[in-house]
Amino acid sequence: MSDSSLSKLVWISIKPLIKVLLPTLVGAAMVKYRKLDQEGLKAAAHIQIYGALPCLMFSNVVPSITAQNSPRILVCVGFGLFYMLMSYILSKALLMVVPVPKNFRSGFVVAAVWSNWGNIPMSVIQSLAAGPPFGKPEDVEMGVSYASFFIMVYNIMMFVGPGTRMIDQDFIESEGDTITTPYIPYDPTSNRVEQASIDDHPPHADNEAHPNIRDNSPELGAIGGQQFSRIDIQEDRAGFLARLIDGLSPVIVSLIIGTIVAVTPLLKGMFTVPPNSEVQKPTTPDGKPLLSVILDSTDYLGAAAIPLGLLVTGASFANMSIPRNSWHRLPLRAILGLTIIKLVCLPIIGIIAVSLIDRYTILFVGHEGKVLKLICLYYSCTVTSTNQISLSSIAAGLFFKHRHDSSHEVASNVDLLCSFVALQYLIYPFVATFFIGVIIKMVS
């Protein structure tokens, strides 16, 4: 490989991470220098969650997904579930050989299985699809569309599936057990999850109707139907279908509607002009499709989703706390082991799986197939979702409140979780730069 080719490959690998790092640092600086308080952070997160992100999904899915390439959606869903399954198996195997605090064993598995499939991957994919060997505007739309279905898998598995219940298990005391991890007054709004104030209600207010809290981003997800009084488990009365309906977030709804429009020629023609087709009548006075202004508007608003999400992510990191007096008690082998699973083992598994499918099938054939290959490869190298910090904070506060009058000590393990997350995010830029270079070589 010539020096010019090598330098070009290195630059292509580093450029997406620079675009991720800069807005993240801006968000952290705004919190550090008190230019963004918790209420402002919460408002920014909700604008991104409920407004910009669903618009981004819709505006990319409608023009890029067709009846012909729609089966590739199943490939994205399949790879998402496959990576989760591999992470689950590897984390369970690691638990057999390294010590993990008893009150964090379920949280450890969640940290391995549920990755950051939202703001950071979306930003990197937009950059990669906009450059060589891609570079067409439709490549960016296609990449974001395929990535959106990984986000959908995350949301469903976390909030409709077992994710939040697994997090809760660490805060449900076993008979005779006491959780001794030091409680840290952690503000979950720093990780973009709205929480009603625990201190504003009397200890016995659990029977009151509490508002549901929902965060519907992919990196964030939707806390569908998770009542503050989750200790009084209601899953016996609410079946899977009820949880599924409760778990529908704006992101999932926009994906469903966008996909239906995209694969229905009559509906799609009202929003955009498909390739090799004429404008469907009736049209607007300027000769564009009748509902094209809706697609233009969602595209305009959706452009703010990723930068705004990265700002909030940086602000979240600025609020993380790992007390110095607890460093000596951190399970270093487990922290290092989880980092190896996320940033070494899973990427290798992803490369092997994609290579085998590419050799024996035609899923990755053609230009669109290369975009799909890019997405499936990149999503094998992701870090733990920071959203778990918010969910753990909420669970800790809820169970502490519920047992306010009990003699048990129920505490938060948020500081422990932060240590697992921090190491991954420190190493990730270096690993991701190398891995992106490998991906570019594989799809070229």
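Just so you know, the numbers here start at 1 and follow the chain as drawn.
Including glycine, each Cβ sits where the backbone N, Cα and C put it.
Taken straight from TrEMBL:
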- 12-31: transmembrane segment (TRANSMEM)
- 43-66: transmembrane segment (TRANSMEM)
- 72-95: transmembrane segment (TRANSMEM)
- 143-161: transmembrane segment (TRANSMEM)
- 247-267: transmembrane segment (TRANSMEM)
- 300-322: transmembrane segment (TRANSMEM)
- 334-357: transmembrane segment (TRANSMEM)
- 420-440: transmembrane segment (TRANSMEM)
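Here the transmembrane segment (72-95) touches the transmembrane segment (334-357). Their Cβ atoms form 3 or more pairs under 8 Å, with each pair 6 or more residues apart. Across 12-31, 247-267, 334-357, 420-440, stretch 247-267 shows the highest tally of CB pairs under 8 A with the transmembrane segment (43-66). Only pairs six or more apart in sequence are counted, and the transmembrane segment (420-440) with the transmembrane segment (247-267) gives fewer than three Cβ pairs under 8 Å, not enough to call it a contact.
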